[in-house]
């Protein structure tokens, strides 16, 4: 019969005699089922294990001739669709960058105008982050810096922190892409970690190298030696590889005049009234000599004719006139809309296309990467060389990442492309890390080639800034990759991935905090003066260091801590746990779902289905062996047993 009182030990009449003779207070360990006891893999529940993409279809040998032809045709169609969606994905990233420039490009130019703030290394760093986030392109922000240095508004030494900030800001794109995989918890865990490992590498490199650069100017001095040691001549532009393919589509949607942002940053008052939207694609500049009057001969430029006629002093100047020859053919060339309106339209459309393409790419990859194909790809991407050459594999991955980024000419495109592959489990986080580091190197080599194509008067400055970017990334790799225990970004990204998988709303908080709120706060304190910055930042940094040390001691050597500090339970729960905040957010989302949003209902429905699936699985396992059950269902299992006995 059923027990009258639930205790820590479950009683079942069909247990073995030995189990029945056990002491009254002993605990019988629960199991799932006899099948589970045989086939249970201890690592099966590890969410970081790469999932096996099982082939649920018929084997090739079991297909008839028609089935084989259909499978080949289906595979070809899927591959063509995959290439098409990938093309649209890359184009949507390009349009997204243009949209951000239309929305915030002039604001980015205004941020660069305050040269006094840029002389502060910390302010220069966060300005580089903000501007790159606003224009969604480290190349654009770097070109603005080069323009300012060439015009004498900014020293190269002051530009180095801005370049470091641009390196951080460019990683926001793949973080946004990772958020599109929030539907599946484990996919989101891996994808978000694969994206944010780039963020942690950049931030940790800045924490070490920015104070070192501010104290010693090591990057500036090193690049100065390189520039002075070689007789560097201007060359050709960096080869357009990916742009040749994507430009026909993106140019038909929007074309921008990026010189407007640089002109605003360099203080050209006329640029503020110009539109970023390019209207005339083919123009011609004609320079003529004009006679003008000046107050006196002292105002004449040396080497330029200067004469007097009557009571007036005349001289000559070069006047440049731009003649418009051919109008652009993109969609917004004839639209009489302000930059902000066009930017918001493109922002919404590009995000919609980006999300749609990403979802379809993931679904296609899941359907294609099955059976032997998945095994081969995983082995190629994630297997190390045999001992003793296993350490070489990571460096080859760095070279592959650098080469692929050089081909696509954008680290954002490359890292955004591998992020969904990390999410679905094709690439491991440990392999994505060196690929990302190589991507950082690849984007700097493209910048070096672009700098070498600069005019003679800006060649040295452009090349020195590009080399600063290059050596910054090389130094970061030397800090955080060669020795395995220094690969801290992987551990931090994995911890953040676990946190965002449990509380998916935290991903949006992280994005806003790291790329908007924190840089804006530091910029505001910098504008108030270095005293305000130090007065606020130093206590926060000291508190953060104290918390990190206490956390490490709590996990490794708690006996050395006072009893009160061995856990954080003495603090209010919202200060040491995200569960109360999760309750608030979930309540808000529930309200949103019932009032104005169907998306929340869909998410809730998906989670309910997952829970229902797990419950059905538990029920089936218990039915296989009704004598054994889980501890979390002590009362339902005996009822199941009674029903089975009656049958």
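Even glycines carry a Cβ here, placed using N, Cα and C.
According to TrEMBL, the features are:
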type	residues	note
COMPBIAS	608-621	compositional bias 'Basic and acidic residues'
COMPBIAS	629-647	compositional bias 'Basic and acidic residues'
REGION	608-647	region 'Disordered'
TRANSMEM	76-96	transmembrane segment
TRANSMEM	117-138	transmembrane segment
TRANSMEM	158-179	transmembrane segment
TRANSMEM	200-220	transmembrane segment
TRANSMEM	340-365	transmembrane segment
TRANSMEM	385-407	transmembrane segment
TRANSMEM	437-456	transmembrane segment
TRANSMEM	462-483	transmembrane segment
TRANSMEM	503-526	transmembrane segment
TRANSMEM	532-553	transmembrane segment
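Recorded stretches compared: 200-220, 340-365, 462-483, 503-526; the one with the most Cβ pairs under 8 Å to the transmembrane segment (385-407) is 462-483.
Two recorded stretches are said to be in contact when at least 3 C-beta pairs lie under 8 angstroms, sequence spacing 6 or more; the transmembrane segment (437-456) and the transmembrane segment (462-483) meet this definition.
Using the rule of three or more Cβ pairs under 8 Å, pairs at least 6 apart in sequence, the transmembrane segment (340-365) is in contact with the transmembrane segment (76-96). Outside the transmembrane segment (462-483), and at least 6 residues removed from its termini, the chain residues within Cβ reach (under 8 Å) are 142, 145-146, 149-150, 156, 159-160, 163-164, 166-167, 201-202, 204-205, 208-209, 219-220, 222-224, 226-227, 232, 394, 398, 433-434, 437, 440-441, 444-445, 447-448, 450-452, 454, 489. Note on the transmembrane segment (76-96): residues 136, 173, 242, 245-246, 249-250, 253-254, 346-347, 349-351, 353-354, 357-358, 360-361, 364-365, 367-368, 408, 410, 412-413, 416-417 of its chain, located 6 or more positions outside it, place their CB under 8 angstroms from a CB of the stretch.
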